[in-house]
Amino acid sequence: MRLLLQPLSSSRAILRGKETRISPSHGGRCSSCHLLREGLWLPAALEIVICGPPPPSRPRGPPPEASDFFFEAFLSRLIYDRFLAVGVLINGETRMLSWGVFRSLLAIVQWWGFNVTVIIMNKWIFQKLDFKFPLTVSCIHFICSSIGAYIAIKLLKIKPLIEVDPEDRWRRIFPMSFVFCINIVLGNVSLRYIPVSFMQTIKSFTPATTVILQWVVWRRHFDWRIWASLVPIVGGILLASLTELSFNILGFCAALFGCLATSTKTILAESLLHGYKFDSINTVYYMAPFATMLLAVPAILLESGGVVTWLYTHESVGSALVVILGSGVLAFCLNFSIFYVIHSTTAVTFNVAGNLKVAVAVMASWAVFRNPIPGLNAFGCAVTLCGCTFYGFVRHKLAQQPGTPRAAANRDVLELLPL
């Protein structure tokens, strides 16, 4: 079967469908093939020919190349990226190739599920189980992630291992692991002292810290629309902070510095990991052991006494340990899910889904812990999320303009960053 796609930009490539997804033989650098690679799954027998430049008017009816085949194809509806989507005429019935849409929704839902579950479980550990040791919890997460990444790559061979020179492991991976460790620890420390809803609102400050950090440290200049999009983010967080009933300065500072750590991790990934085609699983494979090594000694020195006391005094140690270890396993699954969702959605969808994920986490935490959320606090959170969505939209539009530098936190960088 052959389908003829007429892109809205000049390009030419031949793509052959595989059992799982389309793999462009020319590298997939053009925007048309990028969308196919990211969002469209087709049967193995399918061959797609992308040819350009586009005709002066939209074609009507099936292309002549498709008329000799049992499955007749035609261009059905306009996708607002760069080319026309595909519809297939099977025995006179039009069916859209909707598996890509279903797969994207499934990826987003499982990403939300793992993210919200890990956050709720960590808060439950600190609040309900009275296990108030964020360094130990973070260390358990790193150990579980190290084991999980080893199983996924070495045993199950879900992803091929990306070989890294021993010198680069210390020169590139180790600094990233240090920032990764700080980021996770600060997130758990903030959960220890402030509600999930407030913590998630502060974490939405990350786009602003990324822009400010690049402007101050790296002397990078940004379009005025980028700065304008940060206004609702900052304003919403200020409103949420002033109206938060369970405000704690230590938890607030931990969450705020966690945003700085996340931004630093994103920026450093572009320079330190340049040249390596990392994905999130390989990144966890290399970074989690380093993070465990960095955190094990402080956790033992600062929290071992309290952990031993907790083991002797807690009523249901067995079930509590299952919850703590389960949170570590789900933390690895969360890192795996980010790899899946990035490969199943477009950039705009990923940005919107990320902001909606915060709203889902806030509602889920309220349903579980019933922490009071004043009206102005909820309004501040909503303003922040709308600002983050607008920021992502502006970055996406500016990245599409010729001569505009790409955003630092692009999808390629996000794919190699564990959460």
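Any Cβ shown, glycine's included, is placed from N, Cα and C.
Summarising the annotation, TrEMBL assigns domain 'Sugar phosphate transporter' to 105-391. Annotated transmembrane segment per TrEMBL: 101-121, 133-153, 173-194, 285-312, 318-341, 348-369, 375-394, in sequence order.
Sequence-remote contacts of a segment are chain residues at least 6 beyond its ends whose Cβ falls under 8 Å from one of its Cβ atoms, and for the transmembrane segment (375-394) they are 197-198, 200-201, 204-205, 207, 223, 225-226, 229-241, 243-245, 348, 351-352, 354-356, 358-359, 362.
Within the chain carrying the transmembrane segment (348-369), a Cβ under 8 angstroms from the stretch's Cβ atoms is held by residues 104, 108, 111-112, 115-116, 119-120, 123-124, 127, 195-197, 200-201, 203-204, 341-342, 381-382, 385, 388-389, 392-393, 396, 411, 414, all 6 or more beyond its ends.
Averaged across the domain 'Sugar phosphate transporter' (105-391), pLDDT in this predicted model comes to 88.
The highest tally of CB pairs under 8 A with the transmembrane segment (285-312), across 101-121, 133-153, 173-194, is held by 133-153. Long-range neighbours of the transmembrane segment (101-121) within the same chain, counting only residues 6 or more positions beyond its ends whose Cβ lies under 8 Å from a Cβ of the stretch, are 39, 41, 191, 196, 200, 323, 326-327, 330-331, 333-334, 337-338, 340-341, 343-345, 349, 353, 356-357, 360-361, 364-365, 368, 419.
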